[in-house]
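Asker: Sharing a structure below in structure tokens format, with a few things to ask.
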Ligand SMILES: Nc1ncnc2c1ncn2[C@@H]1O[C@H](COP(=O)(O)OP(=O)(O)OP(=O)(O)O)[C@@H](O)[C@H]1O
Ligand SMILES: [Mg+2]
């Protein structure tokens, strides 16, 4: 599903040039659950942003379902993204002015789904993450774990083929964290490909494979049994 | 999708309640003020445009050359109409109208006492060709009914006032000035209010000549009065320039060569009738285009200020919405969608403001007639007002919405999520500074304008007129041959009323809008002097009643005819006589006879303070005493007034009692200026208010941004005062920057305005210092309020907030 070859990303500021990704290459197959690990600053988030089509690489090739997307413009990226990719962030990134229901509904609005269908699908996912009873609450009224469950619901409501999660448990205590990991595992079992950045060896154990990075390069790939 | 935006916009409004209120009220007040100004400007600009031949109609006017300048006059000598009809065959139609102001109309009502009305807005003697040129709608009868003498046509309003229902009017007889019987021959629809040729009571022109003396209408070429005006309709092939050229030979034909050389006739387009302040018109006012432009500018300024507030607050808020925009983009929101979202949110706020503005304007509309010449009957909302609101709404939405929309939609999603855009805010903050300085500058210009306008009006009100205008009651005196013998008794009776200090019969009070002037000869010269002398015809009580001061000689001897003359200082000056006493005993010729000068009176202001003091001659002559001035002591005023009314009505039972007070009449000279001064005050107030809102909104935003900084500083031991200083330093700088811009603009504008007055206040530096002091004070108060709140906040709380 994803194949990157010699991917490069360089951040230039006035004084310094940071090589965030240095000729990075790997492949992720349909249905895989991959964890990305590495020390702080090694380029994990940068990688995820590029995989999520939020950012473009400076060099290298990025095949998404066998289509070269490295050179896509913003509009094409947005279109590809909204139909295929769901995101889960460490800091949840829910919109404060919208209710739980409306937050989860947002991706469907952008893909132009009809209101009745939206209602059905949002209720379905909220049910799945067990937050239906809080559907009319605002994010500030929820605990961290609940907020992240809403974020997961939002990420999957469009039935994306790929979910990118950047330290999804980073702001959660262990029991809330486990709940979220459980959810991701279920989604993966139902066929969704998942790429997750994490600092936790514990969380990484939920995945099939760990890609370890250092200074913008992959160092090892462990296969989990 | 749109519903979704509506929800988000609405919740945003609620979440930032204070900001929303500031945003919407500020904008609404600005738009409301602008809407009212729009109404005034449209009303003034729309004068007489309803006439179908608007562009082809002209008025014949003239100017006479005097050594000290041109004197413009809209009045025409009586014989001009007939002569023009012969000499200008190329003009399609020529019409003359003669207006009589303050005429009395009496309606007999069978056995009961007749109804009496004073028509202060004018009874018009009018010919039939008028109706072929100007647009009117006939409800009954037609123009040809005015071909015969003794006929009158009424507009619907007057027909109803006189007879209850206009259908009743035709065929009835009414009496004008207790002398002229008139048969109602037709009724026309009421004219629109925006006209300078108001048609209400129209008497056939051929009725006038037999009563010419009474109304000062003559067939003399040398004599003209502004009551007699001539209009022409040009065919499209004939240019006004060609007519003006032909007027040169026209004046040569009918005047001596010397007179003709000084006299220039020319055509004034109907479209200038309302705006050319060199001339009067038959309506109640002229308004210079400059005044309208000033008003429109003020309106534009106010809306601009409100829009600036709006832009400032929108962009300020935009920064706090970075995360939301980031999330939307991650989820697939396109740039155009985000732009559309921000614009529609702006549109919602603007619509709310427009609604509120309409409400405010509606409530304020009745006061508009106090501040302008717009009659109360003119409706606020009309098609053009809605278009105006719509245009303003769209303009403000685009102005205030596009900028934040582009900024917001341009955020890179990854950075927006990290809230990195704060660091890149440098450029935007300086734009915001520019906008705030613009706002402060506008409000300072208005403050400067207000201070000067108010000072000038106070100066005029308290200026030494050279006579006493207080507590003088003015009454009409009737001077036809049957009434004249009653004058002596009337004077005696009035003097006996308790509370009456003096009674004087005269042509007009020392200061009036009456411009009676004449050429004159001095010291048995063979040729008349190069300038005209203004005439005040009065009895000897005049000096005492109005407190005029003789500085040389004595008053003329009491008499019913003219025997001696008193002049003023200005006449001496103009004749080159240094010492007032040197003119005593010299002779002056007015009309056909020489009279000795017996005294010199100290100069007094005979017209408005916009004009210079004029050379004046005072003398007695009973037939011209159309006015009674009664000096009251002020004690027991109401009983005195009642007694005076009783005496007057007993003396002149056929006439309407129309008392007025001189000081009020004088105040009316400056009506437009007074209104303008009030307007300035009002708009300066609005401008100050709006800029306060702007400062308040910005400072609130700054306070949110600085909450953490303030928290840290306080934990480190900063005092509340030092935090207030932190906040106010920047705004003080902005006010000072605005002052540098506002001062030259204010100075330039107001020195132009003051040019309109001969007697005016100097432009002092203190005025400008006062302006900056006021705006500094206001900025400080606003800033302090918010800053003190921020500095008193618990530092732990503000730190947790992040
Ligand atoms: N916008 C940027 N401008 C400049 N440098 C950047 C930018 N974003 C990231 N970097 C740099 O690129 C490198 C990789 O950053 P990245 O955020 O991908 O690290 P990470 O592996 O996600 O770290 P962490 O585990 O702390 O989240 C770092 O050295 C970082 O400082
Ligand atoms: Mg990271």
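Cβ atoms here come from the backbone N, Cα and C positions, even for glycine.
As listed in TrEMBL for this protein:
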- B:20-248: domain 'MacB-like periplasmic core' (DOMAIN)
- B:297-409: domain 'ABC3 transporter permease C-terminal' (DOMAIN)
- B:480-608: domain 'MacB-like periplasmic core' (DOMAIN)
- B:682-784: domain 'ABC3 transporter permease C-terminal' (DOMAIN)
- B:21-41: transmembrane segment (TRANSMEM)
- B:292-313: transmembrane segment (TRANSMEM)
- B:338-365: transmembrane segment (TRANSMEM)
- B:385-414: transmembrane segment (TRANSMEM)
- B:434-454: transmembrane segment (TRANSMEM)
- B:678-704: transmembrane segment (TRANSMEM)
- B:716-749: transmembrane segment (TRANSMEM)
- B:761-783: transmembrane segment (TRANSMEM)
Asker: Do the transmembrane segment (B:761-783) and the transmembrane segment (B:434-454) share at least 3 Cβ pairs closer than 8 Å, excluding pairs fewer than 6 residues apart in sequence?
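Answerer: The transmembrane segment (B:434-454) and the transmembrane segment (B:761-783): touching, yes.
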Asker: I need to check the long-range neighbours of the transmembrane segment (B:21-41): which residues 6 or more away from its ends have a CB within less than 8 Å of a CB in the stretch?
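Answerer: Apart from its flanks, the transmembrane segment (B:21-41) reaches 292, 295-296, 298-300, 302-303, 305-307, 309-310, 313-314, 349-350, 352-361, 364-365, 368, 372, 374, 378, 380, 385, 388-389, 392, 396, 683, 686, 689-690, 693-694, 696-697.
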Asker: Could you break down the residues of the domain 'ABC3 transporter permease C-terminal' (B:297-409) into DSSP helix, strand and coil, giving a count for each?
Answerer: 97 helix, 0 strand, 16 coil
Asker: For the domain 'ABC3 transporter permease C-terminal' (B:682-784), would you mind checking the mean pLDDT of the predicted model?
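Answerer: Mean model confidence (pLDDT) across the domain 'ABC3 transporter permease C-terminal' (B:682-784) is 77.
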Asker: Mind checking how the domain 'MacB-like periplasmic core' (B:480-608) divides into helix, strand and coil residues in DSSP?
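Answerer: Secondary-structure breakdown of the domain 'MacB-like periplasmic core' (B:480-608): 30 helix, 38 strand, 61 coil.
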